[in-house]
Amino acid sequence: MSPTPALFSLPEARTRFTKSTREALNNKNIKPLLTAFSQLPGSENEKKCTLDQAFRGVLEEEIINHSACENVLAIISLAIGGVTESVCTASTPFVLLGDVLDCLPLDQCDTIFTFVEKNVATWKSNTFYSAGKNYLLRMCNDLLRRLSKSQNTVFCGRIQLFLARLFPLSEKSGLNLQSQFNLENVTVFNTNEQESTLGQKHTEDREEGMDVEEGEMGDDEAPTTCSIPIDYNLYRKFWSLQDYFRNPVQCYEKISWKTFLKYSEEVLAVFKSYKLDDTQASRKKMEELKTGGEHVYFAKFLTSEKLMDLQLSDSNFRRHILLQYLILFQYLKGQVKFKSSNYVLTDEQSLWIEDTTKSVYQLLSENPPDGERFSKMVEHILNTEENWNSWKNEGCPSFVKERASDTKPTRVVRKRAAPEDFLGKGPNKKILIGNEELTRLWNLCPDNMEACKSETREYMPTLEEFFEEAIEQADPENMVESEYKAVNNSNYGWRALRLLARRSPHFFQPTNQQFKSLPEYLENMVIKLAKELPPPSEEIKTGEDEDEEDNDALLKENESPDVRRDKPITGEQIESFANKLGEQWKILAPYLEIKDSDIRQIECDSEDMKMRAKQLLVAWQDQEGVHATTDNLISALNKSGLSDLAESLTNDTETNS
């Protein structure tokens, strides 16, 4: 009999793996682990899970014994090697990192995180990325919660940069898709006027002056203030603006907007009245900039009343405030997908924002040093930001295009377009000619024979119109000499014969008279027609009278309902018809040739059905231009099955005419 295979024993396997892990750490070689893994009985999953437990057990002992960070990192490096050799699960190194960062103090976490930063290429590899990205994100967020934003600024920045390097640009977890604001960023300042020392400070400065004490800046280093008169009201209004920069949606509220408008005008007036010169900048700061010295600053404002005068005299501080204005204005004017439909600026607000934006750019250009260059750079960056805003509104599609599965590119054979490929492909089964105007003309009447039979294509004049002049000349009372009569004109005679053949029965009736020439024959026909047709006017019309009659006829045509309906649709008509269209706007949209992307944009912009209907009609008007007429709109309504609305629009048009 064959011997029975050995069964897997968890305690024995764990002891063996723990011993092998210690040996591998001492030798700095993974071979002991590989040997133990191959010799132990059991399935691969059982051995992997046991080795994962062994790693965590060894790491726990090192943390309890307060071992150096190098020993801890050696265990994690060994686990990375184990994943590469397929002897432990891919999530093991990340679990170990999480355990270490949870147990060690912040100063040692800095060393551990340096190791994490150096191995970013490892984390992004196919072996580790899918299994570890959520662990790393959770680990970094937990670490950020432990860190102080004011004392550990650099460490927090390193974590954010690491996440930016680890995840692709289109990663949803870091995009703030719903455009939320950091409402926790509250700027605290003195709101009790009784505790303010601004008035006392300025009084003492005027009477006694300010002495330079030991430890303060000397004459060479102290920036000269711009002598801005600061009181508590200016201090309070200035720092109150930070709440609007923190939460811009307050500007859509009527009362809050008035407060923001008032405070902003006062603060910007102070910036305009008290401008800074290059000489007011700190000499020490200027020397550091010239020599390439490191310029370190902290983004959180200091709101002490004692610093207000120095802050307003600081060019960098002014730039911060003016930049906040520009960012706020860009949000208020921009199209944000998740912005509520109620958040709409009035014309007055839009005009004020436009004027104030110009003033802010002007203040930036006048602010030293290199104000003009800085202003242009900021304007360029904010213009570029519009592209990112559009990308975000579209759902942040990935910039990376996936390769086709076939390695060999197949040759694309261009098929010659058949008539069926471009005839009747539009939403209204339109024939696409390739030009907007030609397409419109071609589709006025799809049936060519019916178009030829249309009354509008009847160019042949009536007998009365054509022979009116000849009948007047044939009247003896008018005394027109024979040589000046129209019947003597050969061109007129040729056209007269063709018209008589089409419209007069006398042309085919036999006659006993013998005519020597065409003028004589036409003279005889004119006399016959004069007896049958209504009598002409008593006076021979002059050229001016004919022009006046033509103008009157043209005016009458313009006053006719058909011509009125051929005029472009007005804003009042759009407003009135949108209320009737309502929820049926989406049925009409394809028949107005509105693109699917525009329809989706209309749905995102507003939840009100009447507003969506109005936006649809406005988009159609912008698309068609002068061809956006009520007649074309009625035609589209009939084709879409909305005949009731088409009849209502027809009645409204005739009533208004």
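Here the Cβ of each residue, glycine as well, is placed from N, Cα and C on the backbone.
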Per Swiss-Prot record, range annotated region 'Dock domain' [choices 63-97, 133-167]: 133-167
Phosphoserine according to Swiss-Prot, picked from Ser504, Ser560: Ser560
Swiss-Prot annotation of motif 'Nuclear localization signal' - which of the ranges 346-362, 380-396, 414-430 it falls on: 414-430
DSSP residue counts for the domain 'Death' (570-653), split into helix, strand and coil: 72 helix, 1 strand, 11 coil
Lys133 (N6-acetyllysine) CB neighbourhood, other CB atoms within 10 A: 17
Lys31 (SUMO2 cross-link) versus Lys580 (SUMO2 cross-link) - Cα distance in angstrom: 80
Residues of the region 'Dock domain' (133-167) by DSSP state, where helix covers H, G and I: 28 helix, 0 strand, 7 coil
Residue among the recorded sites Lys31, Lys580, Lys595 whose Cβ has the most other Cβ atoms within 10 Å: Lys580
